[in-house]
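S.K.: My questions will all concern the structure given below.
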Amino acid sequence: MEVNTSSPMDEFCGSTFWNSTETWWTTDPDFTPCFEQTVLVWTPCAFYWLFVVFDFYYLKASLDRNIPWNKLNVSKALVNVGLLVLTALDLIMALIKKGGDDQPPLYKLDVWGPIIKFATFLLIFLFIPLNRKYGVQTTGCQFLFWFLLTIFSIPRCRTEVRADRLRQQLLESQQEDLEYAWEEYQYTSFFVFFTFTSIMLILNCFADGMPRQTKYQRGENEIPELSASFLSRITYQWFDKMALKGYRNPLEEKDLWDLRPQDSCSEVMPTFAYHWNQNVRKNYKGRARVEPKAQFSNGNVTFENPHGEKNGRKKGVASIMPPIYKSFGGVFMFGALMKLFTDCLTFAQPQVLSLIISFVEDQDKEKQPEWKGILYSVLLFVLAAAQTFILGQYFHRMFIVGLRIRTALINAIYRKALRISNSTKKESTVGEIVNLMAVDAQRFMELTTYLNMIWSAPLQIGLALFFLWQQLGPSVLAGLAVMIILIPVNGVIASRIKTYQIRQMKYKDERVKLMNEVLSGIKVLKLYAWEPSFEKQVLDIRDKEIATLRSTAYLNASTSFLWSCAPFLVSLVTFATYVLTSEANQLSVEKVFVSLALFDIMKIPLTVLPMLSVDIAETQVSVNRINKFLNSEELDPNSVLHDPSKPHPMSIENGEFSWGDEITLRNINIEVRKSSLVALVGTVGSGKSSVVQAFLGEMEKLAGVVNTVGKLAYVPQQAWIQNATVRDNILFGQTYDRKRYNKVIDACALRADIDILSAGDQTEIGEKGINLSGGQKQRISLARAVYSDADLYLLDDPLSAVDAHVGKHIFEEVIGPKGMLARKSRVLVTHGVTFLPQVDSIYVMKAGEISESGTFDQLVKNKGAFADFIIQHLQDGNEEEEELNQIKRQISSTADDPELIGSVEKAIKLARTESLSDSISVTSADSLMGRGNSLRRRAKRQDSHDSVASAASLKKKQEVEGKLIETEKSQTGGVDFAVYKHYIKSVGIFLSVATLVLNFVFQAFQIGSNLWLTKWANDQRVENDTSLRDMYLGVYGAFGFGQVLSYKGSVVIVYLGALIGARKMFVFLLSRIMRAPQSFFDIKPRARILDRLANDIYKLDLVLPELIRVFNSQVFRVLATIVVISLSTPIFLAVIVPIAILYYFAQRFYVATSRQLMRLESVSRSPIYSHFGETVTGASTIRAYNVGDRFIEESDAKVDKNQVCKYPSVIANRWLAIRLEMVGNLIILFASLFAVLGGQTNPGLVGLSVSYALQVTQTLNWLVRMTSDIETNIVSVERIKEYGETKQEAPWELEADKNKPKNWPEEGRVEFQNFQVRYREGLDLVLRGVSFNIKGGEKVGIVGRTGAGKSSLTLALFRIIESAGGRIAIDGVDIATMGLHMLRSRLTIIPQDPVLFSGSLRMNLDPFEVNTDDEIWKALELSHLKLFVKSLAAGLNHEIAEGGENLSVGQRQLVCLARALLRKTKVLVLDEATAAVDLETDDLIQKTIRTEFKECTVLTIAHRLNTILDSDKVIVLDKGQITEFASPTELLDNPKSAFYSMAKDANLV
């Protein structure tokens, strides 16, 4: 049996290696046995040896150890041993059965084949115990190896079975004995081998068991990815559970999995810190490796300070980029490798497409074997599927890198923020530092995904041009030129869009600012009936905004139109150039479709490149900003020594300190003895607080020694309160000791406050302590210090914000010689003189130096700076009478200084007169809360039991009403169809339909132009007939023109329609909000209403139109694809249904889960930033208590928690992409299969349907994204609709009003008849059957304690709250029968707190512009503002700041008076200001009212009795009922009357 041994491979096998007639040019293809036994076995082996390095990497990187033996890994080991035995047996059998004298010859293949297999199996066998030991549960390389080996063995199965059948036939036909021992053995051995490889493949589909030892606790809730098999990882099948759960009911935080340990702060940070520190050290040249001094440790993370010592020679700035490359570069490079791979696969598709087209073309000439068509279709599918899986992994890797970089940066910035020096802090605001984290670190994350496009986009464009050149030659350059020209055109449009966007943002800010004012002053607008004027102002701004948006819309339409028509223009130009340059150039179907596919590939990189360059530039800015911050100066940790050998626990010797610029403190010598109390006093700005900061090491020490020994506690001047519960703020990270805690609370006078809070000490305090008063914050801050039980206390004026009697209590219980801190060393900064006699020593500060020191008595005798300080202090007159007497006694006992004693007596007089004026606010809510004023001691007798009762009832009430603000519903689940209907109605039915029609027309033109191209390419006559060719070209151009017009139309209509809708909805929303009753504003926080008017409207303006445009074009794109494929191969319709069902399910599951994950993610993101902002503000407190590490851990935990929500939403995207792309790949498979098998003879149609199918994957992907985005954003429409359906107040105008006389009410008679009212449904009555008559022109005072119903009376008069029974008549007309504006415009009120709006002074007085200038000046004169306004440059047009900030409170009150004078109605309501205007202004107002409103009926709600003693009648209200109604003299004559006792309390009788 002599074989023709021509090639070395033939010799190697002893048979033919490649036979093309047998393999390719046949209807029954088969490989040669030699090919099957070499190439098809060695390819998988080579693959494994090549990529085994990854297996070693996973062993090294694994965080776990020791997987127990289990069924899976034992079976793997056994089957692997079986394979090893089998291959060894193959070798032995070959040596025995071949090469002998009467045996077949022994070839090299028989020896080397088994050896290569044996070596590979042995390597894999070694990994079984290794993977077990290092806790690797699954490996991709092995799975792929077994997969390839199994697939590649299939051809040999067929060969062996056929050979066996042949042998049987020979044995039957020939009776003699034939020797087939070797072949029989090979047959058996191969099938055993095939069985084993198939078993190994199946075993490798599963992951190994759980490791016994893990670096991190793996809980119940661990992420399934960690123990998912390779197959499950590339298909994301492990995410199915979450998708299903999210589909059934909305996901909540508890449903989320734990974070993968590799992504947590505790893994990412040490790596990053290590590389950062190396980078920092590199920057110090020429020095021995001295560790830079600032280090802060948390666990094992130590960051070095790149700023170095003052004299350290520095070489440039330490940048974050090298550490980022070194820490995360590995994963990134692996991703880049995948990207390169998929880019190559992308270009394989057009090549296969050309094979399919030529296959169909050749069918015409001669029948082609069917298997080739099938092969091409399957090949196309395999390419697409491979691309899908690899791209999925690529994006996944990139997201992980992005997340890790963000984690590293956020944590580095956080750790730095705890250490920056004050000069650094001055350079930037807290907001800017928070932005480093919120904006700059975030930007990195968004960029990583696209960063590889830097090299990938040029590569793709280059490859596309190369392949196009092969098809069309130099004509390609014409098309490329068009693409390149479009880029700058786009750039120009983009810059125009940017200017418009800036303008639109400006209008939006104006509109939101105005709305914010309107909402904060809504009550005043209602009382004055001014809503229409302000509504008009808002709508004017809105119209400007809409005009800007309209211009933007046209520009946006142009860009999207440019990009969608670009491919068409390019192909038109290229094909035209190609056919017109030479007669010989003819279009063939293959050329047309391959070129179109290649142009399509080029479209994306060309779009991305310009955007990417902008992004990179922006990120570069971010890098610089982060670098600047991380390289900034830090506090010197060695400025304060802790030397226990010094005699006193706290001392400063010869200190000189600065805040970074000039010297602030000099010659400071202070010593604080053990357990002594030292006071620092001095005028404002004399440097008292700076001394405290110097002890803390916050200032820059220029000279001297600062020493503290022991644990510190610090109470800053501005209390720093965290956004946590009251208890957490006091414990500050320490354990809760109930006894000590209660003692501290009582000592710091917090008991009453805590009782009043709705949830006691578990009440959450808002950001910056927003729901506490200044005094409460200060006391909580003090309680935190006392609870911390430190050795040294630095108290920076803790008593400034609290009332005198509370201050006294705190001094006695906490700070003073008998207080809780008596055994500690304490430094107290104070402004009060009262407590000075009780301190151990006093240091008097003056202009940054210590001017004198000693005990109180010594200093008074000195008659130095201290005595001046006391006199100065007494003249301010903020002390109470009793305390002044005490000081007087103290001073007269020590010094006989008549000047001093005289000034004390003067102060006592002043205090007496003051206290009378404010004594009438009988139990104001303040004194309930334990913060009254001097009145508290006087009022004690009568309401000691009252206040206990009322405090208890108040607490009850607050638990019910603690929920005053209703919580916002986070929308869950889908959106009703009604919402879409509402939106379409707002846009207008005509425009909605027009968009759809135009989109349809556009797709029709597009398909038409493609069909026309195929007709052209198929037409043989064109070769000889130029006029025919020109006709084809012309019609092709016309089709293009149709596309251009219809597309532009559809885009413009979407944008304009959306704007019309947005405008209508805004007008609707605004008018409904303006007409909502006052109670609506009481229960909805202002921020939430603003959010509707700002955020939701923004979504209607800008987000929705864009989404709808893309959605429309994608829907029609998919429909067009289905139509085209069905045209060329009608049988395709049969497959559409199952594919559509698959698609629908993927989409529904995804939308539900993803939407909820995004919500959770955004909720968990803001705590990171708010916690950071809080830390930056409280950094000095955190350092003083030395709890930096705890805060770093908290921050890390918050970052990790955000990742917990972020990671699944990243995976959800991949999960969806893989599933959808596989659906798309199925479409490709069926489209090409049917085209090939369906006997379609027109190659043009085949090319068309397959090239449409190739684009469908991306379209499907986009479609789902858009659907989910539209669902997420259409919620805005739902929320606006919901607000639009709120209950409205009574109509503003009624027809009946027109019959009322112009000057109604003429007399001003007011009568209440058994009137009842409540604030909201379901609350108690506030007025319970009040009846009284007031004659026209009477002056009536209304008095009563807080909550008696005084204000409710006026609100009812204006119908801000509607009656619940009884009626009010003015001049005999029931006010409930009139329009609100009719009523409110005929009454006047001077409200309690003067509200002004930003705008001109004139607008604030007369928004409807009905008065003349003279009238306005007259009113200003009467309200004593004329001189002030005359002195202003702009006069009446003087701009008033938001809330009237640029006028004093007194001036604002006078403006309100001027408003009243301008309206001059018969009934005036005067709600007296408690936020007392100074006495002078008050007299002016009273005087004007007495003269100007002589004829009017005046109702005064009085807080000071002396203002109403001259009124005609007095109404005394109590608990919503009238107890007394008579003239003041009558009531004062009766000592039993309530009015008398009030007057007595006020020292008026």
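Every residue, even glycine, has its Cβ placed from backbone N, Cα and C.
The transmembrane segment annotation in TrEMBL covers 78-96, 111-128, 135-154, 187-207, 323-341, 374-396, 450-469, 475-497, 560-580, 989-1013, 1033-1062, 1118-1146 (among others). What TrEMBL records for 334-618, 993-1272 is domain 'ABC transmembrane type-1'. As annotated by TrEMBL, domain 'ABC transporter' applies to 650-872, 1310-1544. Sequence annotations record features per position, and here TrEMBL assigns region 'Disordered' to 931-954.
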S.K.: Determine which residues of the chain contact the transmembrane segment (450-469) at the Cβ level, with the cut-off under 8 Å and only residues 6 or more beyond its ends counted.
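M.R.: Beyond its ends, the transmembrane segment (450-469) has Cβ neighbours at 332, 335-336, 339-340, 343, 346-347, 350-351, 398, 476, 479-480, 574, 594-595, 598-599, 601-602, 604-606, 608-609, 612, 615-616.
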S.K.: Are there residues at least six beyond either end of the transmembrane segment (1118-1146) with Cβ under 8 Å to its Cβ atoms? List them, or say none.
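M.R.: Residues packing against the transmembrane segment (1118-1146) from afar: 1003, 1006-1007, 1010, 1216, 1219-1220, 1223, 1226-1227, 1230-1231, 1234-1235, 1238, 1240, 1242, 1245-1246, 1248-1249, 1252-1253, 1255-1256, 1259-1260, 1263-1264.
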S.K.: Looking at the stretches 78-96, 135-154, 187-207, 323-341, 560-580, which one shares the most CB pairs under 8 Å with the transmembrane segment (989-1013)?
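M.R.: When the Cβ pairs under 8 Å are tallied, 560-580 comes out ahead.
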S.K.: Taking residues 6+ outside the transmembrane segment (475-497), which of them lie with a CB under 8 Å of any CB in it?
M.R.: 465, 468-469, 552, 555-556, 558-559, 562-563, 566, 569-571, 573-578, 581, 585, 599, 602, 606, 610
S.K.: So what's near the transmembrane segment (560-580) in sequence-distant terms, Cβ-Cβ under 8 Å and 6+ beyond its ends?
M.R.: 468, 472-473, 475-476, 478-483, 486, 489-490, 493, 586-587, 592, 595-596, 599-600, 603, 606-607, 1006, 1009, 1013, 1029, 1033, 1036-1037, 1040, 1043-1044, 1047-1048, 1051, 1109, 1113
S.K.: Any residues 6+ beyond the ends of the transmembrane segment (374-396) with a Cβ under 8 Å from its own?
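M.R.: Cβ under 8 Å, 6 or more out: 234-236, 335, 338-339, 341-342, 345-346, 348-349, 352-353, 355-356, 359, 449, 1210-1211, 1213-1214, 1217-1218, 1221-1222, 1224-1226, 1228-1229, 1232-1233, 1235-1237, 1250, 1254, 1257.
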S.K.: Restricting to the same chain and to residues at least six past its boundaries, which positions have a Cβ under 8 Å from a Cβ of the transmembrane segment (187-207)?
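M.R.: Distal contacts: 72, 75-76, 79-80, 82-83, 86-87, 89-90, 93, 137-138, 142-143, 146-147, 149-150, 153, 156-157, 160, 163-164, 227-232.
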